[in-house]
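Summarising the annotation, Swiss-Prot assigns Mn(2+) binding site to Asp248, His250, His380. What Swiss-Prot lists as disulfide bond is Cys144-Cys375, Cys366-Cys445, Cys480-Cys496, Cys528-Cys543, Cys570-Cys590. For 467-603, the entry in Swiss-Prot reads domain 'Ricin B-type lectin'. Per Swiss-Prot, region 'Disordered' is recorded for 43-62. Per Swiss-Prot, the feature region 'Catalytic subdomain A' maps to 153-264. Residues annotated as topological domain 'Cytoplasmic' in Swiss-Prot: 1-6. According to Swiss-Prot, the feature topological domain 'Lumenal' maps to 30-606. If you look up Swiss-Prot, you'll see 7-29 marked as transmembrane segment.
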Amino acid sequence: MAVARKIRTLLTVNILVFVGIVLFSVYCRLQGRSQELVRPLSGGCRPRPATPAPGSPLRSGGPRAVVAGRAELVLKGQLPAEPCSPGRLMVPEAEAEAQGGLAATLRDDGQEAEGKYEEYGYNAQLSDRISLDRSIPDYRPRKCRHMSYAQDLPQVSVVFIFVNEALSVILRSVHSVVNHTPSQLLKEVILVDDNSDNVELKFNLDQYVNKRYPGLVKIVRNSRREGLIRARLQGWKAATAPVVGFFDAHVEFNTGWAEPALSRIREDRRRIVLPAIDNIKYSTFEVQQYANAAHGYNWGLWCMYIIPPQDWLDRGDESAPIRTPAMIGCSFVVDREYFGDIGLLDPGMEVYGGENVELGMRVWQCGGSMEVLPCSRVAHIERTRKPYNNDIDYYAKRNALRAAEVWMDDFKSHVYMAWNIPMTNPGVDFGDVSERLALRQRLKCRSFKWYLENVYPEMRIYNNTLTYGEVRNSKASGYCLDQGAEDGDRAILYPCHGMSSQLVRYSADGLLQLGPLGSTAFLPDSKCLVDDGRGRTPTLRKCEDVARPTQRLWDFTQSGPIVSRATGRCLEVEMSKDANFGLRLVVQRCSGQKWMIRNWIKHARH
C-alpha cells in the first residue's frame, strides 16, 4: 500500500514537472517575441529625435548615424532574440541592400516567406529584416530642394489606417514620418487599428510605440471592422492639429514632404493636397519613381493615374502643383476644420472605393480645389492582396452609385452604364442619400456639368445614349452580344454574364457600340459594329476609322430587328457546328429575328 502511494506521488510530481517545463517554454517564447519589439533603445528612450540639421545624413535622405539598439536589431534579424526565444536567422545583408531604397533579397526566401506573401500581399519576411530607419531616394524635382517656407506653418496630425498589416511595415511608416517631419510641425501620429486579428498588432505595437515615442504616437482601436472610410473618420476625430494627413500604413516619406503641403494649405485652407506617389515594390522593397501625374477616374468611378493637364505641361515647371480631378486615396493632407465643414468622407459608404472620387467631385463643385504636389513625395507599397478583398467590387459599385446620385446630376446614367446595371431597380441598395443631398444644397455647390467643363474636360460624354446593357436574340435567349477578344475585330455570342464586355450602347445617332466605356481621352473607346457589305460577318472597328459612316449605323427598336442603314441587312444568329457554342453572328436578308436590350434611357441627353 505504501509502495503504491509512493509510485502515485512520483507520477504526480513528474507530471507537474513536465507541465511546468512546457508552460515555462511557452512563456519564454512569448516573452522573447514581445521583447523583440519593446526593449528600450540603448542609451534610454527619447520622445522623438530632434530635427536634423540641413546638412545631416538624415536630412539628405542618408541612413541614421546612431546605432538603432537591440530591439530594432532583433526585429530586423541582425541579433538573436532572448536565449529562451525561438530566435531569428541573421541576415544583415538585407538591410545593407535596402538602404537608399535599393532592392533587397533573402537567401532563405522559402515556404514561410510565401505564406507571408499570401497573408500581407508583400514580402513581409524581407520587411522584418530591413531597417526601420532606412533611407530612400530623393525623387523631388531639383527646384524643390532649394525652396524655402514660412516659419509659422501649421502643425499636422498624421493618421495611419491599418488592418492586419505586418508590424515592421507599420513601424517603418511611423519611423519614416517622424524622421522626415520637422519636430515643430508634427503634432502627433495616430494609428487607427480597424479591428485587426493579428495578436502582434496589440500588445507588441502598444509597448513599442509607448516606449519609443511616448506622447507622440496614439493608437485608436475599432471594436469592429469599419472599413477604410469610417476608420479614417475615427482618425480625424482623434486628431488635434489644425491639419490632418491621412495615409495607408505601408508608406515611407521623402525628405521635405511636409513643408510644401502645409504651405499650400496655409495659403488656402480649402485646398486638399496630395503628395506625389512613388512605388515600393512589394517583392523587394525597392523604391521606384513614378512620373508626375494627376489622379482621375473612369465612369465606373475607379481611380487611375492620368496625364497632367495641358496648362501644367505647357508651364514646363515640374515642381508646380498639378490640378487633379480626384485622388488615388492612399495619401492626402487637408485642413482639419475645412474637412469637417465640407462633410468629411461619406459615412454611408462601405469599406473603400469611390470615396476618393466623390471627395474630388465635392471639393471642386463646392468651392475648393485638389492638387498633386511634386515637391511632397511619399512612397507606397502596391499590395498584391488587400485585407478588404471580399466583395470589394460590390462595395465599390454601391459607393459609386451613392456618389452618382448625389453629385452627378443627369450624368449619373454614365455610372449605371459603366457598371452595366439598370437605373431603376439596379440590384444594389446604396442606402439613404438624403443627408448628402442636403449637404450639397447647404454648401451651394455647382453642377456636375461645370465640373466636367472646368476640372475634368478629358472625360468622354455619352449623353446621346438611348439604350444600353445586355443584348439578347430571340433565337438564343441565354446568349448575349459580346465584344469577344479585346484586341479582336469580331463580335460574338457568349453566355450572358453582365460584365463590361457585354455592355452594348445604342445612340441617337444610330451607333451600336460594344465593350466597356472608354471614359476618358486617355483610353480607347468601345468599338462600333460595322456592316461593310463585303461579306456575311459583321466587324468591330474604331468608330472614327470606318471609311463610310453609314456602315456603322443601325436601326433598332426593342423586340425588333437590328437593321444596317448601309445595306438593309439584319444582324442575325445562325446555327453553326464550327462556331463557339454552335452560334454565329451574321448579317443577311432579314428573317424576322428579334433583339432585346436590357436598359432604356427614356430620351437622349443634351
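Cβ atoms here come from the backbone N, Cα and C positions, even for glycine.
Cβ-based neighbour count (10 Å, all protein chains) for Cys528 (disulfide bond) stands at 23. Ranked by CA distance from Cys543 (disulfide bond), the binding-site residues Asp248, His250, His380 have His380 at the top as the closest. For the region 'Catalytic subdomain A' (153-264), the DSSP counts in helix, strand and coil order read 44 helix, 29 strand, 39 coil. Around the Cβ of Asp248 (Mn(2+) binding site), the number of neighbouring Cβ atoms within 10 Å comes to 19.
The Cβ centroid of Asp248, His250, His380 marks the Mn(2+) site; residues of that chain outside this set whose Cβ lies within 8 Å of it are Ser173, Phe247, Ala249, Val251, Ile280, Cys330, Ser331, Ile381, Glu382, Arg383, given in sequence order. Secondary structure at Cys366 (disulfide bond), as computed by DSSP, is coil. Taking CA atoms as the reference points, Cys570 (disulfide bond) and Asp248 (Mn(2+) binding site) are 54 Å apart. Its own atom aside, the Cβ of Cys366 (disulfide bond) has 19 Cβ atoms within 10 angstroms in the protein chains shown. Neighbour counts were taken as the number of other C-beta atoms within 10 angstroms of each residue's C-beta; across the disulfide-bonded residues Cys144, Cys375, Cys570, Cys590, the minimum falls on Cys590. With a 10 A radius on its CB, Cys543 (disulfide bond) counts 17 other CB atoms from all the protein chains. Secondary structure at Cys496 (disulfide bond), as computed by DSSP, is coil. Annotated pair Cys144 (disulfide bond) and His380 (Mn(2+) binding site), C-alpha to C-alpha distance, rounded: 20 Å. Ranking the binding-site residues His250, His380 by how many Cβ atoms sit within 10 Å of each one's Cβ puts His250 at the top.
The distance from the Cα of Cys480 (disulfide bond) to the Cα of Asp248 (Mn(2+) binding site) comes to 41 Å. Comparing Cα positions, Cys496 (disulfide bond) lies closest to His380 out of the recorded positions Cys375, His380, Cys445.
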